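For reference, the structure is listed below as structure tokens.
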């Protein structure tokens, strides 16, 4: 028992001695003998001789990586070309490592790089796939949304989730005066023509590629529960794109770009309706041409006009005066009152 500490110390010293000795010689052991260590070569810290150049595939792989990195970001297909060049370089490295170097590490790593870049490449190509817009919606997209740089994929999201295409036969009513709520929907006329009237008096027409109820949508964004102050009736067989107002509002709140697009389109539509409302003699051809022309977003609320008309005691006289003024408005533009005059404080 008394020799146990000495034996432990001897074993510990014998085990660590080779690790601490870096030169040949003998290390004293427990029995007085010596342990001979092999000679160790010094580490090489500089390249005394360069290896021969690698195969051409190795250089082509690096050239592909270089080309991918120098592609200018101003190109439309910049990311797709970058991923394509990275994939090409990985394929060349895999071929080089497999056929000429027999290096498993290089081959495995480049297989991983190839798979990762292929997934990115596939996703980028998928995002740029051609979007097929419904034939009935192409005219609306080309006329209203494409000039404002709304992408086809975004337009498809807008029209594919919470809207429907509905139809009305000639003589059917889209909205009835003082009966139909304005909180339910927002629509764009796709085909046909509609007539807007107030207490039987004609106000203006609604043509294709125009909002049907844009004034009500703008005027009641803060005040819900309002009713239509006019009657909107189909003069021809009509088709219209109809959004659920609540779901559309929620969607626009989550997309600031589309929200601004709708604000502009609705403001422009209200402006065009104001022009046609103040000139009842405007021909159908002239009204359609006016709707194609860009105009400033008017902040004047047509609902306010309609409400002011309904609140006056001499509404019929006002309407008759408007119709009389429309026929001679070109000869006496200053003296003829317009509907705008009744909305100003």
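Quick reminder: no glycine exception, Cβ is built from N, Cα and C everywhere.
Not measured: the values here are computed from a predicted model.
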TrEMBL annotation of region 'Disordered' - which of the ranges 270-307, 308-345 it falls on: 308-345
Of 85-105, 106-126, 127-147, the range TrEMBL labels transmembrane segment: 106-126
